[in-house]
Structure formats: structure tokens, C-alpha cells
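Taken straight from TrEMBL:
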type	residues	note
TRANSMEM	24-43	transmembrane segment
TRANSMEM	126-143	transmembrane segment
TRANSMEM	158-177	transmembrane segment
TRANSMEM	253-273	transmembrane segment
TRANSMEM	293-313	transmembrane segment
TRANSMEM	325-349	transmembrane segment
DOMAIN	352-458	domain 'TMC'
TRANSMEM	361-382	transmembrane segment
TRANSMEM	394-411	transmembrane segment
TRANSMEM	417-439	transmembrane segment
TRANSMEM	462-485	transmembrane segment
TRANSMEM	534-555	transmembrane segment
TRANSMEM	562-580	transmembrane segment
Amino acid sequence: KLPNRARMQAIRSLPMSFSERRNIRLFMVIFLTVLNLLCQHFVRHTLPLKCGSWASVRQRLVIWQDTLKEIGGRFGTSVLSYFQFLKWLLMFNIFSLLINFCFITIPQIVRSPNITHPISFRGLELLTGAGYFNQTVLFYGGYNGEVIKTQPSYNMQLAYLFTIAAYLVLCGVSLIYSMARSFQRNFVLVAGPAYGGAWRLLCSWDFSVINEKAIQHNKDNLSIQLKESLSERLQKKAVVSVSAKLQQISLQLLAWLLSLGLAVGSCTGIYFLELNLNDISDSGNLEEEASTLLVPVVVSLINLVIPLIYALVNKMEHYTNPRTNVYVIILRNVLLKMSILGILCYYWLSDCWESFVGQSVYRLVVVDFIFCLLGSFFTEFLPNIIGTKCFRSLGVPEFDVATNVLNLIYAQTLAWIGIYFSPLLPVIQVVKLFIIFYLKKVSLSMNCQPPKRTGRAAQMQTVYIALLFFPSFVGALSMVAYTVWSLKPSEQCGPFQNLGKPFQVVLDWMKGVQNIPGSEWAWWTFEHVLRNELFFYLITLIVLVAFLAVENFLIALSRKSYIVIIIVIVLSPSPRLMFLCKKLEETSLPEENEAAAPKNN
């Protein structure tokens, strides 16, 4: 861009007549003026509108935002935490689906398909995963370990192993980070001295909300949160006699013995059922293929019926704190579901192998989804009909947050276990979570009522994430790691056939890296550090110490953030408060003048 003087000199030096140079100068002045006005208009008017529209578009891309606000306003934070947790799991599975499909499935389909269909599609495969689906890219057996000849070459063995490993590592990091953030928001901040009824009432309102429906949702949500806080304070002040405490403790011990007995009996029954079943061959026999559904149906029946018995047992214990009540139900269901999965994993890794394990997990996911639909019908719809039409004394059922959350954790554990044996299993999980969200939303609105016993349930989100991390994620990661490091892969199918163990592909690759000049340090690090058991013990210790340090740091940071917020509120008067004070002065001046007028007369 030339300055004005240089531009005029350049125009004067043109080999043209005086009138032509004057026209060119006039045109340049008009052009630059119009351009300047357009730029100012764009910066002052168009750009803010564009930014606002972009922000609104980005806000609309956040799925289920209005629906979650409506649920929180009508049913409180406890029920809302279930739907937020479901949405969070959906993001996990969408990410897994994208990376698995891009880095594993597409190269296998496009370059070197390993698909044969000795059996025609009959429809039962949608439930069993066997038959037609047996050698498709849905399962481990549909992949091979060939190196795709491209520039650079694409090693399917490394892609398969590293993609799944990267996804599991990112899941672990995300879970740890989410636990820390949720702990800071829902435990550290809530435990602060300033966080009480007055803080909620005076400082928690969102003044940016102008929509009437959103305002009503915020009012309802704030009302329920105040009830939760007051309910916990009243429960802490309640005085219980010694005899009542002894009676309550004896009832709780009896309930725990009954719960543990049910869990042990269920695991024993599944173990003997697996032993008595024969391996199903791919002979095309429809009855044999249908018999593979027996174990998933029994497992899903146990997961549906036993939690109902736990809920009945829980009503006899009479816990005063609603959160303690929910924690007990969750702990019992975790013990039941994780014990069943442990028995199944032991059987799979002892007698079966990759594609069959993938099919078994697929069947469990599909049948669990069917029983989830049936569970909504029998535990929400039917009780609502009975309580409103037949026996009105029963009333409308409440939404069982603990059982529904445990069902989500159980389903996500299956997805993590099956990710190695069925790379496209997240497709089923994504569809399943979408349908469950809308099904539970409709059932919640039509069949359930807000919880009668309110308790501050915002902290439940942290508990859900912690249970998802341990034992769910840690158990699934341990099984996949044991499979990769210790078990011999199948010799007839899969990307790691003819190898001693799947991790051997990494050893072979590192040996190739060793031959590259200047990369001896990488081989030394891999051989003496990464393959050393002491290194992993040190990493575990460092993670534990870091977790404790981060926890203390978050506590200190939260206290400082509260001090800063209070200082800002005190030193920075709100425009709304100044407006109200001005209106108050305007209304009080006429009254003072009217009062002073008789005195002057």
C-alpha cells in the first residue's frame, strides 16, 4: 500500500494528458473512500452479526442441549446426571468409531479385502453375529496382516494394534482429566463455606437467559437444588437412638449378605452354563446358531432381575441420606456385573478365541439392548399403568438413576472389552445409546415423577466417572493388554496369525528401526525401559502421586477462585444493581417531595 504523496507522484509521472491524470486521481479517491466505508461497515455491523451467528451455530451443534435443560428443570440434577453421562459415553463411542473405521476398516476393505461368505444371510446374524458376519470386517477374523504396497507402505498389523492402543490411552487420559474436573466442581467447590442456600439463591442465576421457557427451567432447577441442600441439612440434624442404630446396622448387614449371595449364585450359574455348552461351529445349522443366544439371554435376565431384588432389599435398610442410598445400590450392582464379566472373560480366554470372543461380546451388547427396552417397559411403563389405573396407592414410579447408570457402565465395559475383537462394535454402541436416550426421555416424561427424597446429586457425576474408570475401564484394559502381551493368536485368521503373540509385531518393527542410522537410542529405550516391568511400576506410582498432588492443587485453586469471585462481586457493582438503585431513588424522590410540601405550607 502506497502513501498518498507517493500515489500522487506515480499518477503525475504517467505519460498522459492532464485531464486523463485528473480522472485517474478522482477515480482513486472515490475507490479508496468507498473501500474504507465498506471496511468500517463490515467491522462495526457485519462482523459482530457473523460472530453471533457462528456462535449460535456452534451452540446448536451441541446435541441435546435444550433437552437436558428441560430434564434438569423438571426432574432435578440426579436424573439429569444420568442423561449427561449417557451423552458423554456417546462421544467416546463416536470417536472410537471414526478412528477405527478410518485407520483399520477402510484400508482393509479398499486394498486387501479378506471377506468370504460361505453361508447366506438369514437375519438371525443380527442377533448372534455368527454365520454371514463371521468373516466380515465386523470381527477380528475379517482382517489380515498384509503390508499394503503404497508410498509409504501401510502395515495393517501395526495399524490395528496402534489404533486400538491409542484409543484406549486417550480414553484413560480423558477419564482421569474428567474425574479431576468433576471432583473440583462437585466436591471441592460444593464443600466450600460460601456454597450454600444464600449463594445459590443470590449468585447462581443466569441473567443472560431471556427465553420464557428457559427461565422457567432455571427456576425449577434452582428450586430443586435448594430443596436438595435443605434436605441434607435437616438429615444431619436428625437424632437417632442407639437401639434404632443397632437395628439399622443389623438390617444393613443382612441386606449385604443377601446381595453377595445373589451375586455369587449368579456367577456360579453362568460358569456352569458355559461349561455345559459346546462350541458352535460354522456348519450353518440354524438351531446351533440360535443356541449361542442362551448365555447372553441368561446374563441379561440376571442383570434385569437381580437389580430389582436389590432395590427391594434396599427399601428395608432405610438410609436417611439419598446419596448413600444410591451409592449402596451402585456398589452392589457393580459387584454383580463385574463378577459376571470376569467369569465370561475367564471362559473366553481359556477355551475360545478372537472371532468367537467378538461374537460373544456382540451378542451380549445386542441382547443387553433388547433387555434395556424391556426393562423400561416392565419397570417404568407397567408400574405407571398399575399405579394410575389399578392401585392408585402405589402412585407413579420414580426414575431409578442408579440402576440405569450401572446399565450404561456395563454396556460401555462390553464395548471396551470387544474393541480388540470387533473393531466396528462402536457402531452398535452408538446406535444403542441414541435410541436409549430418546426412549428414556419419553419414558421419563410419560411414566416417571421427580424424586420425592431429594439429595444433592450433582456429585453423582463424579462417582459415575470414577466407576467407569475403575473397575470398568481398568478391567477392560487389563484384558486387552493380557491378550496382546501373553496369548498366542489364531493361526488361521486375523492380522496376527503366524506370530507368537500380537506384541511381537512391535518387536519386529523396532528391530527394523534399529537398522536406521542414528536411531540406536530408540531401540535402547524400547529394550531397556519400555520392556522393563520396573518401568510400569514406577509409572503407576508416579500416576498415584500426581493424582494426589493434583487433588490438593485443585482444592487450593478452588478456594482461591472463590475468593476472587467474591472480591469481583464486592468491588464491581452490577449494572442491574445500579439500575435498580436508580429506579429506587426516582420513586423515593416524589414521596419525599410530597412529604415536604405540607411542612413548607
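Any Cβ shown, glycine's included, is placed from N, Cα and C.
Please treat TrEMBL annotations as automatic predictions, because they have not gone through curation.
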What residues elsewhere in the chain lie close to the transmembrane segment (361-382), defined as a C-beta under 8 angstroms and at least 6 residues from its ends?
126-129, 138-139, 292-293, 295-297, 299-301, 303-304, 308, 344, 397, 399-400, 407, 410-411, 414-415, 417-418, 421-422, 425, 428-429, 432, 435-436, 439-440, 443-444, 446-448
Can you name the far-off residues of the same chain, 6+ from the ends of the transmembrane segment (462-485), with a Cβ under 8 Å from a Cβ of it?
81, 85, 161, 164, 168, 171-172, 175-176, 178-179, 182-183, 186-187, 327, 330, 334, 338, 341-342, 345, 349, 405, 409, 412-413, 416-417, 419-420, 501-503
In terms of Cβ proximity under 8 Å, which residues at least six beyond the ends of the transmembrane segment (417-439) contact it?
64, 83, 86-87, 89-90, 93-94, 96-97, 100-101, 104-105, 137-140, 143, 160, 164, 167-168, 341, 345, 354-355, 357-359, 361-362, 365-366, 369, 372-373, 376, 411, 476, 479-480, 483-484
For the domain 'TMC' (352-458), DSSP counts of helix, strand and coil?
78 helix, 2 strand, 27 coil
If I take every residue in the domain 'TMC' (352-458) and average their pLDDT values, what number comes out?
86
